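Trainee: My questions all concern the structure below.
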Amino acid sequence: MGPRALSPLASLRLRWLLACGLLGPVLEAGRPDLEQTVHLSSYEIITPWRLTRERREALGPSSQQISYVIQAQGKQHIIHLERNTDLLPNDFVVYTYDKEGSLLSDHPNVQSHCHYRGYVEGVQNSAVAVSACFGLRGLLHLENASFGIEPLHNSSHFEHIFYPMDGIHQEPLRCGVSNRDTEKEGTQGDEEEHPSVTQLLRRRRAVLPQTRYVELFIVVDKERYDMMGRNQTAVREEMIRLANYLDSMYIMLNIRIVLVGLEIWTDRNPINIIGGAGDVLGNFVQWREKFLITRWRHDSAQLVLKKGFGGTAGMAFVGTVCSRSHAGGINVFGQITVETFASIVAHELGHNLGMNHDDGRECFCGAKSCIMNSGASGSRNFSSCSAEDFEKLTLNKGGSCLLNIPKPDEAYSAPSCGNKLVDPGEECDCGTAKECEVDPCCEGSTCKLKSFAECAYGDCCKDCQFLPGGSMCRGKTSECDVPEYCNGSSQFCPPDVFIQNGYPCQNSKAYCYNGMCQYYDAQCQVIFGSKAKAAPRDCFIEVNSKGDRFGNCGFSGSEYKKCATGNALCGKLQCENVQDMPVFGIVPAIIQTPSRGTKCWGVDFQLGSDVPDPGMVNEGTKCDAGKICRNFQCVNASVLNYDCDIQGKCHGHGVCNSNKNCHCEDGWAPPHCDTKGYGGSVDSGPTYNAKSTALRDGLLVFFFLIVPLVAAAIFLFIKRDELRKTFRKKRSQMSDGRNQANVSRQPGDPSISRPPGGPNVSRPPGGPGVSRPPGGPGVSRPPGGPGVSRPPPGHGNRFPVPTYAAKQPAQFPSRPPPPQPKISSQGNLIPARPAPAPPLYSSLT
């Protein structure tokens with residue numbers, strides 16, 4: 001966030017200074033050194049004035065925000081500056097070497113550096129990057145032009161040289177493209193119908209609203225160090241200025257440059273810099289992978305060389321910014337200024353960020369030429385094509401490391417709320433007040449989380465809350481990659497890891513290399529479509545032995561190198577069964593070579609000498625039994641240092657990742673895959689949420705309670721008619737049974753009469769001791785009541801003694817019989833004494 005506009009008092013004082021002529025060019029005060037201006041086609045000598053409330057004062061080390069007035073190009077420019085607190089981390093490191101070649105490390109105090117960034121008042125989307133250590137030295141980017149400013153040598157009046165950047169004379173630098181392509185691109189840049197750079201900025205920021213951060217590491221070679229008088233402090237300050245300029249260029253794409261480290265080869269160059277640019281680049285990225293990246297984490301490393309390569313300004317890999325093995329570039333820093341050199345580094349770093357050359361494409365940047373012009377024009381503006389290329393990289397999940405916002409302990413220690421970097425003491429930083437209006441998680445005025453928020457940014461943060469442990473935050477991209485998961489207590493996704501280089505893949509026909517399974521068929525299909533496949537070995541030998549642009553094994557100096565027979569499979573890729581033209585957005589040159597009954601297809605993308613050709617065989621490709629391609633040579637696969645003992649270390653239930661830790665299969669637990677678990681590794685994060693069982697419990701309740709109940713309800717609804725009928729039938733049967741039971745208990749019912757001797761036994765009429773019912777002979781009465789016949793005297797205990805029942809209420813049959821007592825049958829009981837003889841009734845005849 002820059003300083004505020006001038007107060008009325010300051011504006012009045014400014015007009016007074018202008019009226020007195022104190023801010024105009026001071027040509028008579030001093031003359032520029034010829035060596036300082038010989039490379040400039042035009043310039044002005046100016047005296048910047050620092051704006052304060054009362055008087056001009058010297059720049060102090062504690063100045064966080066300053067403003068200057070510059071009168072140049074017939075206009076008055078008021079620039080507002082603030083110290084670039086994002087430029088250097090608190091743990092900024094400088095590596096050097098002693099005379100014995102031993103590595104030395106130093107953490108210089110950079111908390112009070114004098115490198116500033118800012119803007120020009122009244123100029124929309126302007127950017128300023130200057131060093132105020134000894135005068136003002138840096139760049140001013142206006143609407144459609146860029147200017148340089150630097151102190152005038154031997155001046156005692158604070159005089160400076162102010163010059164347009166496109167007016168610098170320099171040795172032509174090229175990237176190997178034809179003049180026709182360069183002229184075509186230059187013509188396109190002059191077309192008036194193209195939108196302004198302001199419109200470009202608005203459009204890009206709408207597409208890429210999330211800021212990316214490039215953690216840059218710079219390496220300076222021995223010759224450049226000697227050229228600077230073997231002064232480590234001077235080299236360090238020069239590279240910090242370089243990083244500040246880069247930051248001012250990339251900010252238009254919403255990309256920030258953070259210089260995380262510097263290495264100066266003070267004793268000797270640890271790599272061979274003899275040969276062509278491709279050779280040196282290959283040597284540098286191999287050294288980086290083996291030594292530098294193991295010492296200090298970074299996203300891209302750029303080598304600064306004094307040596308030139310026949311007019312080639314530099315070289316870098318395309319789209320490899322987060323790669324462990326290819327995220328690097330080389331840059332020639334000869335007899336040019338740091339401001340001019342910044343455009344070269346911005347160009348090569350742009351290749352790492354997925355940007356191709358603008359040549360031959362409909363590109364515009366609001367200037368005559370753009371940064372990604374292959375002619376290394378010294379422009380300060382990125383084109384619409386560069387923005388689109390970077391957008392494609394991000395949409396294809398490339399550059400994931402750029403979302404790694406520097407953590408508070410890695411950021412510059414002087415906090416600045418509103419710079420979109422989380423400084424020490426801050427929990428979040430949403431930027432300007434306007435940007436914070438749409439941030440739901442962060443309080444812009446305090447850079448603290450809102451009361452309900454757990455986080456405000458990161459791959460494992462959603463709706464201001466941590467994603468649950470086990471949530472995948474980085475998916476698996478190939479059979480040689482592994483996924484990463486959130487841990488439930490951090491907004492950051494774990495660092496990207498993959499299966500260790502050298503692990504067999506594609507049914508043991510290839511090796512894993514940097515997270516990809518490298519084999520010829522896959523490379524042919526990427527270029528020529530899904531039906532293409534690798535050509536026979538004879539094709540590789542015949543084509544790559546020629547040593548031209550369509551068949552070679554890299555460069556030897558500025559010339560193509562012929563492939564030896566043993567290295568032919570590591571040169572230009574040769575394919576057959578080609579039915580589709582290349583699927584790349586850039587149309588390459590295609591060559592077809594007949595060879596022994598087949599057609600060998602190859603391509604040359606003409607990307608320039610600063611970009612490795614995608615038509616070459618990929619490094620890590622299996623070129624023979626136990627061998628891989630490395631730097632255009634077929635070498636033993638032992639260079640991959642694969643040492644994973646799957647059976648011993650991972651117990652046969654996992655593989656080793658790039659950190660040489662076991663990544664376990666599903667069902668086994670890290671770190672050694674010897675116990676039951678959920679898979680993953682100590683590097684990937686938990687593959688499940690060990691603390692939360694809500695999902696599991698919910699599923700159990702759903703499947704074992706809710707689902708059965710719903711199924712039962714559906715069954716009952718479908719069978720409701722049948723069930724209703726069955727229920728009615730059962731109820732009717734039960735009712736009938738009760739009615740029959742009631743009828744059986746009716747008094748005087750002849751059907752239930754029993755003889756005294758037991759159930760279902762009737763006695764002949766007129767027998768001894770049997771009374772006859774009033775209804776006629778042959779009808780027996782129930783025993784036990786009055787009028788029940790008893791055995792005659794003298795029979796003793798021949799018959800059981802009846803038990804008399806309680807008196808029952810009177811019954812009224814349809815045909816009333818005479819009143820009769822009712823007794824119940826008691827079965828065969830043995831009385832304790834003989835019962836009295838029952839009374840005898842005579843029939844009513």
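Here the Cβ of each residue, glycine as well, is placed from N, Cα and C on the backbone.
From a predicted model like this one, the values you see are computed outputs, not experimental measurements.
Dumping what Swiss-Prot says about this protein:
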COMPBIAS  734-745  compositional bias 'Polar residues'
COMPBIAS  783-794  compositional bias 'Pro residues'
DISULFID  CYS322-CYS401  disulfide bond
DISULFID  CYS363-CYS385  disulfide bond
DISULFID  CYS365-CYS370  disulfide bond
DISULFID  CYS473-CYS493  disulfide bond
DISULFID  CYS644-CYS656  disulfide bond
DISULFID  CYS650-CYS662  disulfide bond
DISULFID  CYS664-CYS673  disulfide bond
SIGNAL    1-29  signal peptide
TOPO_DOM  719-845  topological domain 'Cytoplasmic'
Trainee: Could you pull the average pLDDT for the topological domain 'Cytoplasmic' (719-845)?
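Mentor: 54, rounded to a whole number.
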Trainee: How long is the line from the C-alpha of CYS473 (disulfide bond) to the C-alpha of CYS370 (disulfide bond), rounded to the nearest angstrom?
Mentor: 36
Trainee: Using a 10 Å radius around each Cβ and counting other Cβ atoms from all shown chains, which of the disulfide-bonded residues CYS363, CYS473, CYS493, CYS656, CYS662 yields the largest count?
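Mentor: Its Cβ has the most other Cβ atoms within 10 Å: CYS662.
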Trainee: Tell me the Cα distance separating CYS656 (disulfide bond) from CYS662 (disulfide bond), rounded to the nearest angstrom.
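Mentor: CYS662 (disulfide bond) and CYS656 (disulfide bond) have their Cα atoms 4 Å apart.
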Trainee: Compared by Cα position, which of the disulfide-bonded residues CYS322, CYS370, CYS644, CYS650, CYS673 is the closest one to CYS363 (disulfide bond)?
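Mentor: That would be CYS370, the closest of CYS322, CYS370, CYS644, CYS650, CYS673 to CYS363 (disulfide bond).
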Trainee: Within 10 Å of the Cβ of CYS370 (disulfide bond), how many other Cβ atoms can you find? Include all protein chains, please.
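Mentor: A 10 Å sphere around the Cβ of CYS370 (disulfide bond) contains 25 other Cβ atoms.
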Trainee: Would you pick out, from the disulfide-bonded residues CYS365, CYS401, CYS644, CYS650, the residue whose Cβ has the largest number of other Cβ atoms within 10 Å?
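Mentor: The most densely surrounded of these disulfide-bonded residues is CYS365.
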Trainee: Quick one: which of these disulfide-bonded residues, CYS322, CYS401, CYS493, CYS656, CYS664, CYS673, have their CA within 10 A of CYS365 (disulfide bond)?
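Mentor: So the list reads none.
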Trainee: How many Å separate the Cα atoms of CYS401 (disulfide bond) and CYS644 (disulfide bond)?
Mentor: 26
Trainee: I need the CA-to-CA distance for CYS656 (disulfide bond) versus CYS673 (disulfide bond), whole Å please.
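Mentor: It is 11 Å, counting Cα to Cα.
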Trainee: List only the single closest residue to CYS322 (disulfide bond), chosen from the disulfide-bonded residues CYS370, CYS650, CYS673 by CA-CA distance.
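Mentor: Closest by Cα distance to CYS322 (disulfide bond) among the disulfide-bonded residues CYS370, CYS650, CYS673: CYS370.
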Trainee: Work through the disulfide-bonded residues one by one (CYS370, CYS644, CYS650, CYS664) and name whichever has its CA nearest to the CA of CYS493 (disulfide bond).
Mentor: CYS664
Trainee: Around CYS385 (disulfide bond), which residues of its chain at least 6 apart sit with Cβ under 8 Å of its Cβ?
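Mentor: Listed in sequence order, they are MET355, ASN356, ASP358, ARG361, GLU362, CYS363, CYS370, MET372.
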Trainee: Using CB atoms and a 10 A radius, I'd like the single residue among the disulfide-bonded residues CYS322, CYS664, CYS673 with the highest neighbour count.
Mentor: CYS664
Trainee: Round to the nearest Å and give the CA-to-CA distance linking CYS664 (disulfide bond) with CYS644 (disulfide bond).
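Mentor: Roughly 13 Å, rounded to the nearest whole number.
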